Amino acid sequence: MENKKSSANSAQVQMLQAIGGGVSGALTRFVAHPFDVLKIRFQLQVEPLKKRSDKSKYAGMYQAFSTIFREEGVRGIWKGHLPAQVMSVTYALVQFWSYEQLHTAASQYKFGRDHVHLSYFMCGGLAGCLGTVVAQPFDVVRTRVVAADPGTTAGTLKPLSGVHKVFKREGLRGVSSGMLMTLVQIYPLVGANFVIYKFLNHLTFTILHFLFEEKLHRKISREIPGGMLFVNGAVSGVLAKVLVYPADLIKKRTMLSHFQEDRKSFGLNPICNTIMLCIRTTFANEGLLGFYKGMWPTLFKSGVMSACYFTIYDYFNNHFTVPYKKLERDQKNDKNKKN
């Protein structure tokens, strides 16, 4: 029978895991934020995303980037980056930290060791939900900043003070708007992301082992070249996002319901006071494809973000956290030998 792992990570190891998650979230957000701006603008546009439509403000990725740059400058393309950065660091820190603790706990049970991929899915999904609960108020502020007209109240919100203002004006419902749809989509999204990434890594490891016939003793993530880790992360992010994209669109539109007055230059506002109303009006006005608006920039963004998230975290983990854990084990073994 396989030996059980340590029942818990030390406080120092947990701190390194949290730092690794935070660093991963910060660097990933910096790279992927322009695609997020585009995704939100597309999701909140009721009019068709077609070049031949006279009513549409945005009609494709290139045209949208050009329009935002012309009307709002470089700052428009990076609009909402500060609250998004706070959201991403908070989310990634909590997600990766909680995933490591959950997976360590799951490895103590035979079920978790016998159903490895299911364990990845469950631990990843739960970790994503925990990260979401903590980061959701910052996501609300980020969405409003990106979606609002330039110079409006919503368009000038800051991360911490913005959360305070929204809470003061709209209460808990305001800072948690979109939470239900976020949790509905985040569990399968993050769970699928983790399990697909881990599966692809195992597959890559098996292929490399077969081709080079080497005995690889270190952890799989340390044996796979960084470029392959990046590709595996990108593929897992794209496949996972396709599964849950409609829920993400509904979430963004329900966030919009509280500040229509701050976005008059973008055309019609979606009618999304409740989730069911949002689903009905989106289908009635835009059809089934309306639930997939903004998917292409989202897939680019999801692929890039997932690739960066996992590659950066694994790099940090392999060069800092894993060596420290080995140091702790060696010190513990030395102490036991002396006793």
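Placement of Cβ uses the backbone N, Cα and C atoms for every residue, glycine included.
Marked as repeat 'Solcar' by TrEMBL: 12-105, 115-203, 225-319. For 186-212, 224-245, 266-283, 295-316, the entry in TrEMBL reads transmembrane segment.
For the repeat 'Solcar' (12-105), DSSP puts the residue distribution at 74 helix, 0 strand, 20 coil. Distant neighbours of the transmembrane segment (295-316): 19-21, 23-25, 27-29, 31-32, 35-36, 38-39, 42, 61, 92, 96, 193, 197, 221, 226, 229-238, 240-242, 245, 248; these residues of the same chain sit at least 6 beyond its ends, with a Cβ under 8 Å from one of its Cβ atoms. Remote same-chain partners of the transmembrane segment (224-245), defined as residues 6 or more beyond its termini with a Cβ less than 8 Å from a stretch Cβ, comprise 185, 188-190, 192-194, 196-197, 200-201, 204-205, 208, 291-292, 295, 298-299, 302-311, 314-315.
Here the repeat 'Solcar' (115-203) has, by DSSP, the following mix of helix, strand and coil residues: 77 helix, 0 strand, 12 coil. As a summary of secondary structure, the repeat 'Solcar' (225-319) carries 76 helix, 0 strand, 19 coil according to DSSP.
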